[in-house]
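**Student:** What Swiss-Prot records for this protein is below:
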type: DOMAIN; residues: 5-238; note: domain 'ABC transporter'
type: BINDING; residues: G38, H39, N40, G41, A42, G43, K44, S45; note: ATP binding site
Amino acid sequence: MNLAVEIENLTFFYPDGNKALDGVSFVIPERSKTVILGHNGAGKSTLLLHLNGLYTASRGRVKIFGKVINEENIREIRKKVGLVFQDPDDQLFASTIFDDVAFGPQNLELDKKEILRRVEEALKAVDMWDLRERPPHHLSLGQKKRAAIAGVLAMEPDIVVLDEPMAYLDPRGQEEITAILNRLNNEGKTVIVSTHDLDWALEWADYVVVLNAGRVVAEGDKSILTNRQLLEQNGLKAPLLVKLFEDFEGKLGIPTNLKEARQILRKFIF
């Protein structure tokens, strides 16, 4: 298994002495769709900020494609790892969406033709090209999130990290973001998402990491999401499909999406 990310005994203290991460160790497979789960305060956002060097470990290390993040390679790491913040207003600052998405490529000192190519491809990938001259503050939340993703895509990273991308979105907005994430993964990118939405995680993810109190309590494939006891012990609610089918697990199995649920029920009823 080729690894995109390796976290080894990662410990992090905030300046006030609060320990946010406590000996965290896990791996993320290359080209996976990985979810980072945990209740509020579990350490998810703090962990994600280590993946492109915005935070520096107090102890331990983070490896990206086998290379330990350090001061010498941090610029190269940030080309490989793109981070999308939970609140797009923390990321969008230029007068237009076009200028915002162009900011990263411009700092790479690319020529104008290459910058335009990257910006156009990134905005079209999130269906925002027609809104390229619009100011960010004139966008809906879903549009802002897509614009923030475009800003990351313009850097052409191999790993895309998103902190709570589904937060506060309506169902249509969630579907749009999910489609973008699936397309990125189909293109060969490793996609890492923190979320509280375990129903969405069960359907979307193929790799799962669960945090509690700054520690990893579970890591592996999505079968973790069918372990209701584990989830609830760590402050998480089991997915609805797990609750509905857990009493019949031995006979019917637990589906990971509505399509599988329908197939199971048809076999059981007919």
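Sequential numbering from 1, following the chain as shown.
Glycine residues also receive a Cβ, built from the backbone N, Cα and C atoms like all the rest.
On this model, are these features tucked inside or out on the surface, and what's nearby?
**Tutor:** Under the three-state DSSP scheme, N40 (ATP binding site) falls in the coil class. Residue density at N40 (ATP binding site): 8 other Cβ atoms are found within 10 A of its Cβ, drawing on all protein chains shown.
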**Student:** Tell me the Cβ contacts of G43 (ATP binding site) under 8 Å, same chain only and six or more apart in sequence, or just say none.
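**Tutor:** G43 (ATP binding site) has long-range Cβ partners A20, L21, V24, L211, A213, G214, R215.
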**Student:** Cβ within 8 angstroms of the Cβ centroid of G38, H39, N40, G41, A42, G43, K44, S45: which residues besides those meet this for the ATP site?
**Tutor:** L211
**Student:** Averaged across the domain 'ABC transporter' (5-238), what pLDDT does the model get? Just tell me the whole number, please.
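**Tutor:** Across the residues of the domain 'ABC transporter' (5-238) the model's pLDDT averages 95 on the 0 to 100 scale.
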**Student:** H39, K44: which of these binding-site residues has the sparsest Cβ neighbourhood within 10 Å?
**Tutor:** H39
